Amino acid sequence: MQTAFDVIVIGGGHAGCEAAAAAARLGARTALLTHRFSTVGAMSCNPAIGGLGKGHLVREVDALDGLMGQVADAGGIQFRMLNRRKGPAVRGPRAQADRKLYAAAMQAAIRAIANLTVIEAEADDLLTADGRITGIRLADGREFSTGAVVVTTGTFLRGLIHLGEQSWPAGRIDEAPALGLSAAFERIGFALGRLKTGTPARLDGKTIYWEAVEMQPGDDPPEPFSVLTARISNPQILCGITRTTPATHDLIRANVHRSPMYSGQIQSSGPRYCPSIEDKIVRFGDRDGHQIFLEPEGLDDATVYPNGISTSLPEEVQRGILATIPGLERCNMLRPGYAIEYDHVDPRELQPTLQAKRMRGLFLAGQINGTTGYEEAAAQGLVAGLNAARCAGGGEGVVFDRADGYLGVMIDDLVTRGITEPYRMFTSRAEYRLTLRADNADQRLTDQGIAHGLVGAERAAFHRRKMAALAAAKTWARSLAVTPNEAAKHGLALNRDGVRRSAFELLAYPEVGWDDVRRIWPELGAVEPAIAVHLEIDAKYDVYLQRQTADVEAFRRDEGLVLTDIDYSLVPGLSNEARGKLEKARPRTVGQAGRLDGITPAALGILAAYLRREARRRPATA
């Protein structure tokens with residue numbers, strides 16, 4: 001067997017698959033290390049991809065030729081565009097997935113990638129020399145040499161499952177944890193923290209009384225994640241919605257002392273925006289009920305995931321809780337819910353490329369960086385895999401910034417501010433939401449992906465055709481114009497000012513849609529429907545995008561002021577507090593420094609002035 005690789009990825013979850021695929025797409029000889037190939041692409045918690053903010057990340061991964069979007073399309077059994085009634089900037093594509101179909105599609109995608117070798121084994125140690133990674137050692141003693149390692153261990157680092165008063169070591173249910181790697185990180189000098197997440201019970205859908213719950217259909221037709229997916233071919237299913245009751249809340253209150261989170265058994269922080277049902281009752285006890293989404297796990301699988309009642313209460317209490325919920329009174333619980341604690345690294349130990357500051361060639365992605373969610377993991381994995389391949393090949397790292405995409409927002413948040421609880425992506429975290437929409441991820445990122453060698457020939461050709469068609473349609477729409485009187489003949493009431501307005505300008509009006517301009521110019525029917533959607537959104541946001549472009553340019557100016565190897569003790573005028581924070585964080589740019597807690601606008605002005613003085617001094621002393 002081959003024992004030398006350019007890149008080795010440890011872990012075959014959502015981050016690991018994207019990391020391995022990205023590195024291999026760049027031509028790096030890549031190994032994906034996983035305990036069992038049959039678990040590659042496993043959905044450890046909820047059987048769904050996307051959502052608010054998260055759906056943006058999936059589209060961005062797809063724009064960079066990642067796997068998740070196409071795999072979700074292959075496994076999706078209910079697609080919904082969340083926030084459809086709101087503006088395009090905050091809409092979030094989401095898909096309910098068939099667990100088996102999703103995993104099978106991911107495994108098939110991994111098998112089909114050139115330059116990628118899958119090794120079924122456990123990593124036990126990281127091999128280093130002179131401040132850089134040189135290889136890994138497996139639990140069976142074998143060693144592999146490499147130019148870069150991407151660690152994507154999810155919840156496996158010293159994972160510990162909690163169920164009521166019981167606890168036992170595990171990476172997820174029925175799978176062993178990874179112990180050796182935690183020791184390796186500590187030996188290198190990382191201070192590891194602990195985080196917690198949880199999952200609800202699994203139910204037998206054949207024993208749910210579906211007549212007692214509200215049924216929720218998906219969108220018709222379903223909208224795919226990937227631009228390369230022509231249509232969704234899987235049968236589409238309904239999900240159910242029920243609620244907890246006062247009896248549910250009383251039972252939880254009576255037993256909350258038996259929850260590991262409240263007994264003191266678990267000390268670590270869980271995800272604020274995905275709380276356990278115990279947390280919901282303690283924190284929001286005045287509510288009459290909490291929604292529960294009953295999500296089927298597959299087309300030929302009766303298992304149902306009750307989204308909204310994650311818990312680690314004892315098994316018998318969980319059964320009692322189900323008996324108080326409409327539709328679930330007599331359902332069979334196939335597996336109890338549980339909580340899991342695991343090690344993580346402070347993401348401020350990382351550069352924006354996701355390479356560790358203290359160890360060249362070591363990259364981290366996913367839950368090890370303090371995030372929660374498949375989509376957050378996948379986006380980090382892609383960036384880490386890209387940069388690991390470039391590092392192994394002697395190239396410079398690639399940084400996606402906050403104006404590039406939600407993946408840039410997430411990584412900047414992590415490496416600049418760190419985390420105190422599992423990090424989840426929301427649209428509210430982004431400053432440039434009008435620009436960073438789910439519908440334009442390919443317009444923002446695919447050209448960058450092509451430039452970095454991430455994007456294959458099929459997607460590159462498709463992208464060029466699409467961009468050419470969009471540009472042509474926009475030019476055409478700007479060339480067609482009507483007077484207010486002419487528009488009135490077609491039912492459009494405009495200000496009678498005699499000014500001719502183009503089709504593109506008409507589309508900017510909130511009450512004017514594509515069908516309205518087609519009534520005036522039937523020839524616009526030749527524009528592809530997908531292109532017409534983009535054209536209308538661009539027109540609606542045009543004025544606002546011009547303003548946001550100015551904001552982005554100002555942001556990029558600050559990001560262009562690089563703080564490389566600065567001795568902050570030599571910068572006059574900085575407070576001791578600012579010096580200490582800058583020395584500890586070592587921000588890459590003035591822009592990143594401004595996002596540190598406690599760094600004032602005055603301190604940023606001092607830094608910018610210092611950089612200008614140093615720039616003037618260099619030519620004089622050269």
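Heads up, the Cβ atoms here are built off N, Cα and C, so glycines get one too.
Feature annotations, courtesy of Swiss-Prot:
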- G11, G12, G13, H14, A15, G16: FAD binding site (BINDING)
- 270-284: NAD(+) binding site (BINDING)
Could you name the residues, excluding G11, G12, G13, H14, A15, G16, of the same chain that surround the FAD site, i.e. Cβ within 8 Å of the Cβ centre of those residues, in sequence order?
V9, C17, E18, A19, T34, V40, T152, G154, G366, A377, G381
Considering the binding-site residues A15, C274, V282, which residue's Cβ sits among the greatest number of other Cβ atoms within 10 Å?
A15
For R272 (NAD(+) binding site) and H14 (FAD binding site), what Cα-Cα distance in Å is obtained after rounding to a whole number?
22
Quick check: of the binding-site residues listed here (G11, G13, G16), which one has the Cα closest to that of K280 (NAD(+) binding site)?
G13
Taking just the CA atoms, what is the gap between S276 (NAD(+) binding site) and H14 (FAD binding site) in Å?
23
Once the DSSP letters are reduced so that anything not helix or strand counts as coil, what is K280 (NAD(+) binding site)?
helix
Go through the binding-site residues G11, G13, G16 and tell me which ones have a CA within 10 A of the CA of E278 (NAD(+) binding site).
none
Using a 10 Å radius on the Cβ of G16 (FAD binding site), the other Cβ atoms enclosed count 30
Alpha-carbon distance [H14 (FAD binding site); V282 (NAD(+) binding site)] in Å
32
